[in-house]
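**Student:** Sharing the features that TrEMBL gives for it:
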type: ACT_SITE; residues: R11; note: active site
type: ACT_SITE; residues: N29; note: active site
type: DOMAIN; residues: 1-82; note: domain 'Acylphosphatase-like'
type: DOMAIN; residues: 187-371; note: domain 'YrdC-like'
Amino acid sequence: MFGVVQGVGFRPFIYRLAGKHRLHGFVLNNSQGVTIHWEGEARSIDQALAAMLNSPPPLAKITSYSCREIEPNKYSSFFIQESLVREGIEALIPPDVGICSDCMRELQDAADRRFSYPFTNCTNCGPRFTIIRDMPYDRRQTTMNQFDMCPSCQAEYDDPENRRFHAQPNACGRCGPRMELWDHMGNIVNEDPHRLLLAGNILAVKGLGGFHLACNAMDEEAVDRLRQLKKRDAKPFALMAADLETVRRCCRLSAAEEEQLISPVRPIVVLQQQDLSLPQAINPALDSLGIMLPYTPLHQLLLSPTLSLVVMTSANLSSNPLITANKEALEQLGEIADFFLVHNRGIVNPCDDSVGAVTGGSWQYTRRARGCVPLPVHLRGKEMTPLLACGPNFKNTFALTKGEKVFLSQHWGDLDNYLNYLKYEEAVPKMMSLLDIKPELVVHDLHPDYQTTAFAGKLCRDLSLPAHAVQHHHAHMASCMADNGLDEEVMAVICDGTGYGTDGAIWGFEFLYGDYGSYSRLGHLHYLPLPGGEASIKKVDRMAYAFLISTLNNGVKQQAEQVLPRLGTKERELLDIQVKRKINSPLTSSCGRLFDAAAALLGICSINKYEGQAPMEMEAKARHSTDKGQYYRLELAKNGDGTFTLNTAALWAEMLEDILAGKEPGTLALKFHWAVARAIIDGVLHMAAVTGLDKVVFSGGVFQNRLLTAMVKELMAETKIDEYLHRQVPPNDGGVSLGQALIGNEVQKRCV
Ligand SMILES: [Zn+2]
Ligand SMILES: [Zn+2]
């Protein structure tokens, strides 16, 4: 049996199946998975096999298996054989798993020996990846190695009939990790953390992959205080709800969303907010909430019917790395947290919460981390060259390949932040060793100044490896292809923020076609100037002004002044010169910037305090407009040679007219969304006519926009073209390393 079959209760499950079907023989873990030897009636073996394939243990994932008949050895019983010495590490490292219902029951049962024990776990749940130092995965290679099991725990661990048979992090209150509550000086306090939260305190809480900051989400004062203390951070806070009922009270919840909330990954699910009485500081100017259910017993113990909703936001400050150590938390959060809820089980692999949303009718990750990493993306029938794909510069994940699998790392964030870069640099060799992968090629982004490009160069020199540079949006395209198991020529629409183009411009609204080996650029948003370059991305008012004056005729200046009142005369004059003389004004076809500029014009947001703020606020406004069916013109201009550009002149002119007529911004935001959706479809139809292809992949961070994606799906339904969205990795830069890996692999194969 191949796949996730170790560390997930597979052998005891087989042991029990053998008992049920009166089979003899053995089961053992080998270097590639699990081997089963069954002897008995042919019919019984068939039945056992069917039962195994149809209802394996909840966390097992059988990716493939092979079966053959051999002469019986006449075993007199069924037994679990100790593991063979492993040469290659083929078995998959399991990801962390949200608490299971059995453990939850024990946690809440006053008669159980694990009543209220915050580190209760079993073979079906608990910490895995975040505590693993090295392979093979057993207790002495994890941060549980400092705890000796008590006789009761050991007996469970040794008993194949027990749910905790070989559960490596098995523990109880007598022998396992302990929780401590500290004040902000690090002194132990004897208080109930739950009661402290109810009293309005802010707690730093050590979870599975790092520290969170928590407070009562219904306590406006506490939420405001947390918002002020995290002042450089305007991002929406994630919430943790005691149960589904609480989630339903705050948000609309579909069956698909519920399924994600309760899945073993326990991601943060972005939901449509319903209860408007929640403190506004949770998600300023947005209409959605990111909610998760408790995924460890420790979290569960913080919640109660009187405290059913808490803020549970990453404790790291202004895009710094996750905080994982107790002392570090005390040093960095001393001014924010009133108390520290810590424990003595170490975190070796930091891991953010996974985040996603049901987008265009199906689940899409925006961050694939806790609960997913290090599970690979499987490429059926495609044998990969072992390689390292360094990933993008922002929202970084890197990828390693082995056989038919691509392993994406957890998120490292913005690598221009030196602390993040250090963590990244440390994680790459660690992951190579954990997965036992020795790369033969290093793939990186085409951008000459990215940290990842410098890192790739250094690694290639150190290990004498070849390097290959990949265009950012070709990587997006390849990522969505691999995500959907496509291996043929396809069309692609990439709606993204920033990517270095082959002509030196900043690309981002691209119409491509091709495969893993090569691509052509058939169309793009026409180039607009970005005065101040990437550094000015935050100041969206400036961008809107530059777009207007470079696209429309001179008369527009007065109107621009009117609709962008926050822009001072001096600033405007400077922009005039910069744009006219092309001083420090790189050209961009970015879709993200198009959204930024529109949001600024509509007066919705003038400064992006966090990435995507302006577009997210505009999406929220548009969603609540009832004025349907109207759209601006974002015109497709053909160049005669089959290529085209999208021209924004009519779009800006019509928007200005609406704004100056005093129309409601939500309506205009909706018209803008339809304009982009229609332009995407126009581009797809044009590409299909030119290339004769009938499949299109959609990738890029803009496809996190649920409103736009739903519109695109609606319009695509009227065409005869099949569309593909991301399913396993994010459409944003978090998924780019997957595409880099596929492209690198193809290049390597073609060279040989
Ligand atoms: Zn469990
Ligand atoms: Zn114990």
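Any Cβ shown, glycine's included, is placed from N, Cα and C.
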**Student:** Express the distance between the Cα positions of N29 (active site) and R11 (active site) as a whole number of Å.
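**Tutor:** With distance taken Cα to Cα, R11 (active site) is 8 Å from N29 (active site).
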**Student:** Would you list the DSSP helix, strand and coil counts for the residues of the domain 'Acylphosphatase-like' (1-82)?
**Tutor:** 24 helix, 22 strand, 36 coil
**Student:** What's the number of neighbouring CB atoms sitting within 10 A of the CB on N29 (active site)?
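**Tutor:** There are 24 such Cβ atoms around N29 (active site).
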